[in-house]
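Only one structure is covered here, and it is reproduced in the block below.
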Amino acid sequence: MSLLFRSRQSGAQQVKISAVRRLLMFFVHHLQQAVASLGELVRYPLASLMTMAVLGLSLTLPATLYVVAKNTESVGAKWQSAAEITLFLRTDLSEQEVATFRKRIALSAEIEQVEWRDKAAGLAEFRESSGFGEALDALPDNPLPDVLIVTPVASKQNSASAQALLQRLLNEREVAEARLDLDWLERLQALLNLVRDGFLGLAVLLCTAVVLIVGNTIRLNINSKRDEIMVMKLVGATDAYIQRPFLYTGIWYGVVGGVIAWLATALLLWWIEGAVIEVTELYASQFYLAGLSFAEMLVVWGLAVGLGLVGSYLAVKKHVASIEPR
Amino acid sequence: MIKFEQVSKTYPGGFQALNQVNFHVEPGEMAFLTGHSGAGKSTLLRLIGMMERPTTGRVLINGHDLRKITRKQIPYVRRDIGMIFQDHRLLMDKTVLDNVALPLLIEGYSMQEARKRVQAALEKVGLGDKLRHYPMMLSGGEQQRVGIARAVVNKPPLLLADEPTGNLDPKLSMEIIKLFEDFNKVGVSVLIATHDLGLIARMRYRTLTLKEGRMINDGLQESEL
């Protein structure tokens with residue numbers, strides 16, 4: 001391509017490269033420059049590894065937090081499904097009426113099981129645990145209602161169905177009050193949201209730091225090659241041509257940094273797994289700490305490569321253009 | 001080939017390097033540009049190589065106004081101009097082959113294709129056997145010739161040289177000028193900036209003389225023939 005000399009393309013002694021060839025060479029050059037950039041990195045292994053480690057370890061923290069949040073959510077989902085409805089019956093019902101009501105609702109197709117806690121047993125328990133024994137004796141009669149604990153069938157255990165069932169039970173004549181104990185679930189949900197938001201904020205901060213660190217490293221690379229860049233510009237290299245090796249350097253930082261993030265995340269999870277199992281054993285629940293899935297590993301890798309590329313792109317955009325031959 | 005129309009260049013700070021310069025180098029012509037240090041020789045060449053833009057006036061190459069060339073197009077302009085420098089500007093950590101091949105690789109040649117042309121260009125400057133050497137292993141004259149090989153390897157129609165013989169003894173200088181004559185004979189326009197008046201005196205070429213940014217002589221220096 002000659003701007004000034006139209007005839008240069010066709011002259012007998014002139015430069016001739018076909019369009020197809022040019023396109024092919026474009027990809028070959030990309031490959032060559034990618035490999036050349038890798039070679040350059042291998043020549044200074046310690047410096048390169050440090051930048052890669054910064055990138056990888058910066059991604060490890062959000063990745064680990066993500067895994068923890070993911071596992072907590074799966075646990076939360078399990079607990080949420082075990083919803084129970086507590087029915088407080090009217091205090092003026094006779095024992096006969098309570099027993100009939102209990103049998104009637106136990107027949108419902110939506111209900112798995114009904115547990116009865118009669119008011120006398122409730123009072124005894126309260127007397128024992130509260131320490132108001134003598135005060136309770138002063139009462140003319142038992143103020144506590146009979147309580148039925150209703151467990152819905154498995155398919156109706158999600159929050160919406162349980163709410164619907166709750167409404168239906170509330171309409172029963174015998175029921176004074178009904179509660180679906182979702183408070184602690186809501187608290188857990190709020191905690192999860194906190195963890196997730198914190199994880200997002202932290203991830204954004206760390207990613208920004210990674211971009212700046214990679215950008216600075218590439219800037220130093222560019223400065224150390226100032227003379228070479230100047231010469232290349234003098235003989236007609238475009239900015240894009242000069243930038244390419246630096247962009248590949250950024251990509252390689254990401255490729256290796258991503259792998260470091262995988263390893264470090266796995267290591268960290270292995271480290272905390274013991275503690276997590278100890279906690280869950282106290283709650284007598286079977287628990288398995290799930291690591292990063294294959295798709296999530298790819299996301300981490302893609303993120304690492306993307307950050308490396310963005311960091312190097314910012315650096316080359318600013319600094320390659322500013323180097324002008326003298 | 002190169003045409004200056006009322007070109008002035010004032011650097012930030014007020015120093016006027018060129019003042020209302022007019023001249024025209026014809027296609028296929030070889031000319032010298034001379035003057036004392038600071039007379040504006042380098043600035044004039046830098047305007048042609050688009051390392052600077054004129055403050056006022058027009059620079060034309062092959063009839064194309066360089067004012068219309070955008071920043072992005074500058075590399076393509078430079079591919080048409082072979083530039084040679086006093087300090088030859090070679091990459092010291094690359095072999096002679098890599099140095100000379102650089103303009104071709106930038107244009108999209110494979111190393112394989114470039115190699116043949118590099119070999120030819122180096123043969124032309126008498127360094128056909130130095131492909132694998134590093135610039136440090138060569139003498140000053142040889143380094144300058146590697147610089148020339150790099151400038152001509154993609155066969156540009158225009159060659160600019162800034163003090164190409166600055167560091168060389170008279171015999172080597174003559175050899176370098178002979179090289180430029182050879183390129184000129186095959187139709188390349190050549191403009192050589194030098195303050196080596198003795199060298200110019202031995203040649204019968206048009207000589208443009210700059211003094212304090214003005215063109216004071218534009219033609220053969222009859223008195224020195």
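Every residue, even glycine, has its Cβ placed from backbone N, Cα and C.
When pLDDT is averaged over the domain 'FtsX extracellular' (A:84-165), the result is 80. Summarising the annotation, TrEMBL assigns domain 'FtsX extracellular' to A:84-165.
Counting residue by residue with DSSP, the domain 'ABC3 transporter permease C-terminal' (A:202-318) contains 101 helix, 0 strand, 16 coil. Look at TrEMBL and you will find A:202-318 tagged as domain 'ABC3 transporter permease C-terminal'.
Taken from TrEMBL, the feature transmembrane segment covers A:199-222 (among others). Long-range contacts of the transmembrane segment (A:199-222) within the same chain: residues 51, 54-55, 58-59, 61-62, 65-66, 69, 229, 246, 249-250, 253, 303, 307-308, 310-312, 314-316, 318-320, 323, each at least 6 residues beyond the stretch ends and with a Cβ under 8 Å from a Cβ of the stretch.
Within the chain carrying the transmembrane segment (A:251-272), a Cβ under 8 angstroms from the stretch's Cβ atoms is held by residues 34, 37-38, 41, 48-49, 51-57, 59-60, 63-64, 67-68, 214, 217, 289, 291-292, 297, 300-309, 311-312, all 6 or more beyond its ends. The annotation transmembrane segment is assigned in TrEMBL to A:251-272 (among others).
With a threshold of 8 Å between CB atoms, the same-chain residues lying at least 6 positions outside the transmembrane segment (A:292-316) that come near it are 55-56, 59, 63, 66-67, 207, 210-219, 222, 242-243, 246-247, 249-255, 257-259, 261-262, 265-266. Here TrEMBL flags A:292-316 (among others) as transmembrane segment.
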